[in-house]
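Student: Could you have a look at this structure, given as structure tokens, before my questions?
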């Protein structure tokens, strides 16, 4: 090339002039062909897209094989966005306000529907007709129903060998089945109705016939089916936990048929690495999970006063898929102890009742026994609790509400169960109280109180001779006929 340029200086000058013209052409905004976006009509006269400071760089990039097409697509978007904004601003202010409020209305309706179908609380599906169904603030379903079906199970601490358990039949159609089941652990289950009378404004309980017996083949030391919890969960199925074996059963209790118990889960004690079953004493539903807890009291050696274990401080949650999670609630139980005024290190609170309120986002406890003195089995029944405890979800704050005086106040009853009336408002608790008498027999009553400490229904007797420790209820529906 050097030889050619030396031999032909005129040719070299022509080449330089050609390269300069090319560079000038590249740098000129008007000399680079623009990429027409698809669907955009060709320009007439001035280019329809507004100039952009990056046009020169884009064209240089395009000349070297870059993406000027993407730039012009963006320019088309800006152009038509400006046109749409101009058209919107040209509309009368009244029309713009109407469209704005309509969009706000759609957003509010969408949020309300999303809260109403919140999966943090199981949906309640009913086939009948409920009077006065609606939504509260927060999208919580409420239903004013005058009648609720009740199921309760007993824990007689050794039934059926307990002296209060009825003997098995010796003749008749049930004798063969009784012989087959001889030696299997069993417990009593009863059904009834909780009814509100609009005329008298009073609640009442009616039990439906004699208790039925429900048995299983699993036991520890010859004892089992000491059911201490009942909970509707997962498609309205009824679950109960045996506090001797830690087995969670699915119960089937229907009027006119024999109740059955099918084992579904096994809950190991403590942190889940203990070789014995959990002593489950309470259950509730939080979100989609079944929560089960124990007494919340460390196991103490009565003689040495030393701590044997703290397994009862652990709470279990069971997912809808059956996965069990073990949670240390030591600090949560300590918060409840502190608000109960237990200052002595040897003092205790024994829990058999805890309920989660989705409405109030709070935990509610009604301890069975509370004492500031050291625990002894002989004195346990002398310290029945007279307050309920309400805490926030994280157990940062807690307060107590005194229980109202009841017929059983003079007797050292202890609360063995509490359940919210399932009206969606979580404003009333059905509580079960039980006592072991001096002769070894049991007595149980059921009552209803409000969260602010008002008596809604005074103590009503439950079938004699049983220590009922678990109860569950749901609305009774009536057809339109």
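Cβ atoms are placed via backbone N, Cα and C, with glycine included.
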Student: Record says 228, 352 bind Ca(2+). Source is TrEMBL. Which of 258, 281, 443, 472 does it list for that same site?
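Tutor: When TrEMBL describes the Ca(2+) site, the candidate it includes is 281.
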Student: In TrEMBL, which of the ranges 3-26, 27-50 has the region 'Disordered' annotation?
Tutor: 27-50
Student: Have a look at the binding-site residues (281, 352) and report the one with the fewest Cβ neighbours inside 10 Å.
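Tutor: Checked 281, 352; of these binding-site residues, fewest Cβ neighbours within 10 Å: 281.
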Student: Far apart in sequence but close in space: which same-chain residues, 6 or more away, have a Cβ under 8 Å from residue 228 (Ca(2+) binding site)?
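Tutor: Correct list: 155, 241, 242, 243, 280, 281, 282, 352, 416, 469, 470.
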Student: For the recorded Ca(2+) site, enumerate neighbouring residues of the same chain (Cβ within 8 Å of the Cβ centroid of 228, 281, 352, site residues themselves excluded), in sequence order.
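Tutor: Those within range, site residues removed, are 155, 229, 243, 279, 280, 282, 294, 295, 351, 353, 368, 416, 417, 469, 470.
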